[in-house]
Each structure stands twice: as C-alpha cells, then as structure tokens.
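J.: Once you've had a glance at the structure underneath, I'll fire off some questions.
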Amino acid sequence: MELKGVQPSNGSPNGNGNGATNAASTEKTDAEKPTAERTNWGNGLEFLMSCISVSVGLGNVWRFPFTAYENGGGAFLIPYIIVLFLIGKPMYYLEMIMGQFTSQGTVKIWSVVPGFVGVGYGQAFGTICIISYYSSLLALTLYYLFVSFQSELPWSYCRDEWTNCVNSRPEEYVDNLLTGVSLANESARNLSGIGLVANNETEKLQSSSELYFLNVVIKEKLDISDGVGDPDWKLTLALFVAWVVIFLVIMRGVKSSGKAAYFLALFPYVVLFVLLIRAVTLEGARDGILFFLEPQWGELLNPTVWKEAVVQCFFSLAVGSGPIIMFASYNRFDHGIYRDAMIVTTLDTLTSLLGGITIFAILGNLAHNLQIENIRDVVRSGTGLAFISYPDAISKFQAVPQLFSVLFFFMLFVLGIGSIVALQSTIVTIICDQFKGWKYWKVALTTSVCGFLMGLVYVTPGGQWILTLVDFYGGTYVVFILAIFELAGIVWVYGLQNFCDDIEFMCNRRVSLYWRVCWSFFTPVMMIIIFIYSMATIEPIKYSELYFPEAANVAGWLLFAIGAAQFPLWGLWYASRHPQGTYWKSLKASLKPSDRWGPANPETRREWVIFKNQKAPQRATQKDTSKLGFFWRKIANFCGSNK
C-alpha cells in the first residue's frame with residue numbers, strides 16, 4: 001500500500017467523498033487518537049490452527065454423517081457443496097474480513113452501521129445459549145473417557161435389574177440370533193431401542209450400551225412436567241473439570257489459546273485416521289460406507305434437504321455466532337486471510353466426509369455383527385449417536401476395545417474443547433472490548449464460573465430435554481436470522497462497493513466477481529428463502545419422539561424472541577442516544593458509519609482515509625448497468641446508505 005507519501009485528511013469516509021474534511025485541520029477525531037495496542041497472534045499459523053479447531057469439531061464427526069444420511073445420503077453432498085460455495089464460504093470470508101479490518105469483536109465491529117449493533121448483542125446471546133449446553137456434552141464425553149479405563153467397558157454388559165437387555169458383546173447377540181430372535185423391521189422400532197421379533201410378537205429389547213446411557217449416565221426422565229431433577233454428582237464433577245480446562249486454555253487470551261490450537265486442531269486428525277484405518281478393515285464396513293454414500297436423488301427436490309444443508313454449514317463452520325470475527329480481530333492488519341478462509345472451509349468439508357466414512361464403516365460392522373440387513377436400524381441421531389451407537393460398536397471390537405474407546409472419546413473431548421474455547425473467547429472479547437480496563441483473565445474466570453453454573457441444568461435427569469429446547473430456539477434460529485441481518489448491514493446498508501474498497505485497501509487485491517455476486521444476491525436471497533421456509537414448516541419439537549409440554553414451547557419461543565429482539569431494540573437505543581433532530585433522522589443517521597469505523601491503528605487509518613477519498617471520484621463516474629445492482633442500491637439508499 002504505497003500511500004505513505006500522501007498527506008492524510010481527517011474524517012470517516014463513506015465512500016462518496018463526504019468523509020473527507022479539511023486536510024489542514026490538526027484536530028483528531030476519537031477514532032484517530034492513539035489506542036491501546038491489541039494483542040496479536042504469535043504467528044499466522046496460530047490463527048489458522050484456531051480457525052480449524054473451531055470449524056472442524058463435533059459437527060463433522062457426529063452431526064454431519066447422520067444429517068447426510070437422513071437427507072439423501074450421497075445426494076446430500078450436492079446441495080451441501082452448493083450451499084458451501086454460495087453461503088458458507090462467502091459468510092466465512094466476510095466475517096474474517098470484518099474482524100481483521102477493525103481489530104474489534106462481534107459488537108464493536110458495528111461502528112460500520114451503528115444501528116445494527118443489536119446484531120452483535122443478539123449473536124452474543126445465541127453464543128451464550130450454545131455454550132451453556134455444549135459444555136454438558138464435554139461432561140458426558142469426559143465421563144465415558146474415564147470409565148473406558150476399566151478392565152471391561154461398563155456399557156458392554158447388562159445389569160441384573162435391566163429387563164429385556166442384550167449385552168453389547170458380539171457373542172451375546174449371536175446367542176440371541178441362534179435362539180430364533182430376529183430383528184424387527186423399521187416399523188417395529190421405537191424410542192426405547194432396538195425392536196426384536198420373537199414368536200410372531202414384538203419384544204422390545206435394548207442393548208446394554210443404550211440402557212447404560214439412559215439409566216446409569218443421564219438417568220433419563222421421560223416427563224419434565226414436574227421438573228428436570230437434581231444434577232448428577234459424577235456429571236457435575238466432569239462438567240467442572242471441563243470448565244477448568246476451558247479456563248486454562250483461554251486465561252491469557254490468544255497467547256495461551258494460540259499455543260493450544262496446534263494440539264486442538266491436529267490431534268483429532270491423528271485419532272480420526274487411526275479409527276478410519278481400523279473401521280475400514282472391519283467386516284461389514286464396505287456396506288456401511290456404501291449405505292452412507294449411496295445417493296437418493298429424489299431428495300434433491302425436497303426443500304428440507306436444502307434447509308438442513310444450510311443449518312449443517314452454519315453449525316460446522318461456526319459462522320453467525322462470532323468466533324470467526326473474534327479470531328480474525330487478533331490478526332495483523334495485513335494478514336493474508338483469503339488463503340486461510342479457503343483452507344479452513346475446504347478442510348472442513350473434507351473432514352466431514354472423512355468422519356462420515358469412518359462412522360458408517362463402524363455402523364456397518366455393527367449391523368454385520370447383529371445380522372441386520374438395514375443399517376438404518378443401528379443409526380441414531382444427536383447424543384444417541386455419540387453415546388449409544390459408537391460405544392456399542394466399539395465394545396464389539398475383538399482387540400483392545402478399551403484403547404479405541406479412550407482414543408475415540410478423547411478425540412471428541414478435544415474437538416469439543418476447540419469449539420467451546422472459541423465460543424467462550426468470543427464472549428470474553430466482547431466484554432473486554434466494552435470495558436477496556438478489565439483484566440482478561442478475570443473476565444475469563446468469571447464467565448467460566450457462569451458457564452459452569454448454567455451447565456448444571458443439563459446434567460440433570462431432564463437435561464437432554466433442556467438441551468434440545470435451547471439448541472432449537474436459542475441456538476439455531478437466533479444465529480440464522482441474525483446472520484441475515486449481519487450480511488444485510490454490510491452489503492446493503494454500508495454498501496457492497498464500500499466494503500470491497502476496504503478489502504482492496506487491507507488485502508491489496510481487487511475483490512472478484514464471485515464474492516460480489518454472492519454477497520449481494522445469492523447468499524442473502526438463499527438465506528432469506530430458507531429462513532421463511534423453515535418458519536412456515538416449523539413443527540413442535542420432540543425429544544425421543546415425545547412432544548414437549550406447552551409451557552416448554554412457550555419458554556422456547558420466548559428464548560428466540562429475546563435473541564432476535566436484540567437487533568431492533570439496540571438500534572432504537574442507539575438512535576435515541578445520538579439525536580439528529582427528528583427521531584426519523586436519528587434512525588437514518590444510525591445507518592451511516594460512525595467516526596470509529598475503520599482500521600484501529602491511527603497511521604493505517606489515515607492511509608485508509610486517503611485511499612477512500614481517492615476512490616470516491618472514480619465511483620462517482622461509474623455507472624452500474626446491472627438491474628440487480630440498481631435494485632440493491634435503491635434499497636440501500638432508502639435505508640440511509642451513502643453508497
């Protein structure tokens with residue numbers, strides 16, 4: 001950026017020249033006053049490893065395989081890859097740019113459009129909801145990890161008090177099969193476990209791994225109308241250990257989390273490849289892999305499949321919740337984020353495929369051992385897949401199942417830590433950006449204690465009900481709708497050309513047509529259509545095929561309303577605190593960049609002001625003949641943009 005020799009001018013440019021003020025003025029704006037230097041990553045590799053650790057997580061190993069299977073198998077890869085290129089990659093790159101350009105967290109970046117600051121607060125709310133239950137999954141993972149060191153895996157055999165139980169040891173299944181007990185078809189399956197048919201009547205048998213999870217680990221309640229119960233002390237202890245680890249990783253900010261990122265990002269691949277090699281050598285693995293990859297082409301015409309592809313993409317890449325913005329804010333201003341964005345989004349997809357092949361190879365072996373023709377009968381979703389199907393399959397390994405169990409659950413724990421560290425750091429960064437004098441480690445400690453206390457509700461007998469409710473209302477939909485507003489605020493209000501100019505200044509490269517078309521049209525339009533479809537087809541949520549009490553659904557919608565309402569409420573608050581005559585003028589003014597928008601470093605900011613002022617005359621003479629561009633510009637102008 002060869003701009004050093006040009007005399008700077010003060011102001012906050014909007015891209016049309018109005019931000020340029022008298023160059024001779026010696027008075028500095030608030031944005032130009034020296035600010036405390038923001039901590040940077042030790043090197044660019046730490047940033048890359050951190051992004052990998054958050055984006056390549058539990059969603060790749062235990063959510064993607066089942067989601068793909070339920071939505072067309074191999075055919076699901078087509079809408080998923082399309083969604084990745086039209087929504088996932090553009091949103092990921094956009095959030096990286098926003099964080100690095102301003103060196104600010106999820107809330108402070110909205111100096112670009114102050115009236116949209118509620119997007120940042122709403123995303124923080126959604127992130128807190130996700131953190132609250134994510135840590136409970138770590139507690140379950142730790143519990144299984146600890147008990148895997150026993151001489152015999154505790155879920156591989158039945159207890160005396162369990163009726164209709166079949167040991168998860170392979171020989172026990174063979175014994176049952178030899179006595180003439182055959183597995184029921186899919187219509188005989190129910191929430192309680194594997195349906196078995198004997199003497200022309202359906203006898204409900206459950207594997208010991210399922211009964212162990214339901215009766216010993218979570219002590220499941222099937223009715224929460226009278227409350228969720230008390231926290232289990234073993235899971236509470238595991239939850240405490242998980243939060244201690246989280247705090248130790250984030251206590252020194254990127255100085256500590258950046259070093260941990262190498263292990264958090266790379267170790268899961270070591271274990272995943274070990275499990276892959278073992279899985280593909282098992283009998284029945286080929287059938288499981290083909291079952292996973294076999295396309296069901298008719299599903300491509302199902303709108304639900306496309307909706308699930310978007311949800312999976314958001315969940316997997318962690319866009320819309322703040323971690324990517326937060327991580328990028330600790331980069332040097334000239335860091336090459338384009339390369340990192342391409343690496344992470346591509347690696348994320350490949351890891352999902354790798355995880356799917358590994359998991360379905362194991363499930364194929366499980367079906368082979370059970371002599372089940374339809375692998376659907378051994379597939380579970382969500383928590384059941386991680387803590388029932390996997391342990392059940394591992395217990396059937398002939399050689400050292402304890403070793404593979406330890407490796408598997410330690411891998412899950414590391415994947416979970418990588419994700420929750422990013423989410424927790426997002427909240428800590430938001431607080432520290434707001435209150436500059438607060439010590440980072442003290443904020444990290446306080447938020448970790450709060451996270452532990454919130455997590456207690458999920459380690460109760462009714463905890464899985466609450467997890468399902470919070471994830472559905474407070475996580476998925478809040479994050480999704482605010483991501484739409486996030487994109488609209490940058491592209492339609494601040495202006496696509498303004499944003500592209502900022503990227504050109506920071507990265508010293510022009511923005512390609514692909515990014516422009518995605519940001520201005522394909523990404524927002526697809527997201528809006530899918531959100532409307534999701535709302536129009538929404539159904540009451542269920543847990544284990546049981547509907548939630550009416551009061552729980554009311555609480556869920558209230559949770560969603562609180563998260564979504566952050567956007568308009570904070571916008572109105574900002575307009576009232578910065579009056580510009582009439583209230584309508586104040587609202588329009590809140591849609592223009594504030595003096596604080598721009599690079600954090602004063603010298604870099606002055607260079608950016610010059611660059612923008614040089615660009616303004618060029619853009620004033622350009623004529624956009626695109627009807628689409630004209631349409632979006634009219635919308636932006638109506639909203640008060642100076643595009």
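Each residue, glycine too, has its Cβ placed from N, Cα and C.
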J.: Tell me which of 133-153, 343-363 corresponds to the transmembrane segment entry in Swiss-Prot.
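T.: Checked against Swiss-Prot: transmembrane segment maps to 343-363.
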J.: Which range, 111-131, 174-194, does Swiss-Prot list as transmembrane segment?
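T.: Transmembrane segment, as annotated by Swiss-Prot, spans 111-131.
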J.: Can you say which of 343-363, 403-423, 449-469, 476-496 has the most Cβ pairs under 8 Å with the transmembrane segment (554-574)?
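T.: It is 476-496, which has the most Cβ pairs under 8 Å.
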J.: Ranking 111-131, 231-251, 260-280, 309-329, 449-469 by Cβ pairs under 8 Å to the transmembrane segment (518-538), which is first?
T.: 309-329
J.: Find the member of 74-94, 260-280, 449-469 that has more C-beta pairs under 8 Å to the transmembrane segment (403-423) than any other listed stretch.
T.: 260-280
J.: Under 8 Å between C-beta atoms and at least six residues away from its ends: which parts of the chain pack against the transmembrane segment (343-363)?
T.: 48, 51-52, 55-56, 59-62, 64-65, 68-69, 77, 80-81, 84, 88-89, 92, 269, 272, 275-276, 279-280, 282, 285-286, 288-289, 291-293, 316-317, 375, 378-379, 385, 389-390, 393-394
J.: Take the transmembrane segment (41-61) and find every residue of the same chain, 6 or more past its ends, with a Cβ under 8 Å from one of its Cβ atoms.
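T.: Residues packing against the transmembrane segment (41-61) from afar: 137, 254-255, 257-259, 261-262, 264-266, 268, 272, 312, 315-318, 323-324, 327-328, 330-331, 335-336, 340, 343-345, 347-348, 351-352, 354-355, 358-359, 386, 411-412, 415-416, 418-419, 421-423.
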J.: Please work out which recorded stretch in 74-94, 260-280, 309-329, 449-469 has the most C-beta pairs separated by under 8 angstroms from the transmembrane segment (231-251)?
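T.: Comparing 74-94, 260-280, 309-329, 449-469: 449-469 has the most Cβ pairs near the transmembrane segment (231-251).
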J.: Can we call the transmembrane segment (74-94) and the transmembrane segment (260-280) in contact, meaning three or more C-beta pairs below 8 angstroms at a sequence separation of 6+?
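T.: The transmembrane segment (260-280) and the transmembrane segment (74-94): touching, no.
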J.: In the same chain, which residue numbers or ranges, 6 or more beyond the ends of the transmembrane segment (309-329), come under 8 angstroms Cβ to Cβ?
T.: 38, 47, 50-51, 54-55, 57, 59-60, 63-64, 67, 71, 76, 79-80, 82-84, 87-88, 91-92, 95-100, 102-106, 109, 120, 123-124, 126-127, 130, 337, 344-345, 348, 352, 419, 422-423, 425-426, 429-430, 476, 479-480, 482-483, 486, 526-527, 530
